[in-house]
Amino acid sequence: MKLILFLSGLVSLVLCTLAAPTGDQKEIHTETPPPKKPSETTTPGALKTPQPEPKDEEPTPGAFQGDMMLTEDQQRESKEAIDDEMTGRKKRKATIYESQRWPYKVIPYVISPSSSGQSSLIRNAMDHWEQNTCLRFEPRTSSHSRQLGHNAYLSFFRGSGCWSYVGKAFNGEQQISIGNGCAYFGTIVHEIGHAIGFHHEQSRPDRDDYINVLYQNIQSGRQHNFAKYTWGRVTSRNVEYDVGSIMHYGGYGFSSNGRPTITTRDPRLNSRLGQRIALSPADIELANLIYECDDIEDCAGANECLNGGYHDTECNCVCPSGYNGDLCEDAVTTTRPDCSERFTEMTGVITSPNWPGRYEDNMACVYQIEGPPGSTIELTFTEMNIENHAACRYDAVEVRKDDINSDGEKFCGNTLPAVQISSGNQMLISFTSDPSITGRGFRATYRIVILTTTQIPDTTTISTTTPVPTTTQATTDETVVGSCGGSFGGTQGRVATPNYPNNYDNDLECVYVIEVEIGRRVELDFIDFVLEDETNCRWDSLSINLGDGIKIDMKMCGREYPAASLVSIGNNMELTLISDRSVTDRGFMADYRAIDL
């Protein structure tokens, strides 16, 4: 986490005090949660869905939260804090200190012979921090001790796993392990983040406003890795929580069953968890605040640099990645189309970026559809032209219709998928492309279906003297909720036109699909029926498919409808309502039930 720079007293679960530049501890104001911003936190680059689990989350023996080594003092304080949590004892008094920072913003380092093959990658990771902050990483020399007033330095070596101490923890060699499988740019940037004083982002006290921690999916004995701190013991410098921080856990860290251990409260942001591509703007802003990169006496009268920027020795603003302008006031714009959207309208159209033109390489788009509680969502693909692969491994559109936090079915090529129907009121569609070969993409329409399976008293009697069963309805004052089509099931229920008993809308095409248990049939009785009247039902009409392709050979409109019950041929029945551009009426209401024949 970028935030949590350790204190000199007890910190919730883990403590790591950082030393002030002068060597004196510097007390900071009491921390309060930063305000939540209306805009989304952004992370550089297109992120695939989901991110591969970061190597730094793989458990290292003796490490806390996978990749953080603790000093003896920190281990003792951590145990005391855990004991306090378990017993409910009042926390020991602690004051926020931003201590154990590296003095003068200079971090001496050595790269051991065991890591010589990784030296270019390690240097690139340090350059990334230098390019976006005022920190400087310098090869260790004999003069550093005299110039900086300490003997501390980072020592990169090829140890077991990926891990680092937090902040300036020793007055001597401080190791960072870049072991097997850890030699990736983002992983090394992450470990250096720990070394300069960052903790994991999901440890912040305000994390529950942004993420869900799913303890039921966490390995037994690993729950402490998901502990969070309190504002009385940590500081965020008022920088907003960032699910795209390079210091954030991925979605599946320490999973016991292959299911997520962390999800974002906004499902569209799940793909940002665990990114190891680059520092996020919020990472950069916090580092520059913590290390007081803008604290130059000669620039006291200069305008403040914004968005994590800081003044150089000439009092010009140095802007972090993603911003420019004299004061870093301008966000760098991109021509890449925005493709993270949330849909709540009852109907809509979703397309891949640039449709009907070709989508770009390296896209990662997330579309969330959410209806009212109790509703379902139907998604119909009308166009599909995506790079093909038997397992859709290259480019794909994925539909999550049951659990939006679990993998869904992937589609690619030119074959239109079947209609996708959600089991609840949410659906998540992601579209990803690799670095080569593109197509036109996809186009799909959706509709939110308000379920209208209001239960009615079972007062049906089947006559033994007639070939078609009839129904006698109970006289009730039930509330009827109409809809423009939908899927209906169960043993009995009710369907009605949109807005019933008020007039339905113009320009409708509503399809109602009623399906009961295999081996049974659907019986339908109209309670009310008033559509715009016309001799041949050319304007507004209702047609009925009794299943197995059998349709009634007439359209119904006006006030004319079958007086007897309609019975399906198979276990399903389909009703289609059509309205034109003018004149509407009350519509219809009908009850259905499953029967045995």
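Any Cβ shown, glycine's included, is placed from N, Cα and C.
When the candidates Cys293, Cys317, Cys319, Cys339 are compared with Swiss-Prot, only one is recorded as disulfide-bonded to Cys305, and it is Cys317. The separation of Cys557 (disulfide bond) from Cys510 (disulfide bond), Cα to Cα, is 15 Å. Break the domain 'EGF-like' (295-329) down by DSSP state and the numbers are 3 helix, 6 strand, 26 coil. A coil conformation is recorded for Cys339 (disulfide bond) in the three-state DSSP classification, outside any helix or strand. For the binding-site residues shown (His190, His194, His200), fewest C-beta neighbours within 10 angstroms: His194.
Following the DSSP three-state reduction, the secondary structure of Cys162 (disulfide bond) is strand.
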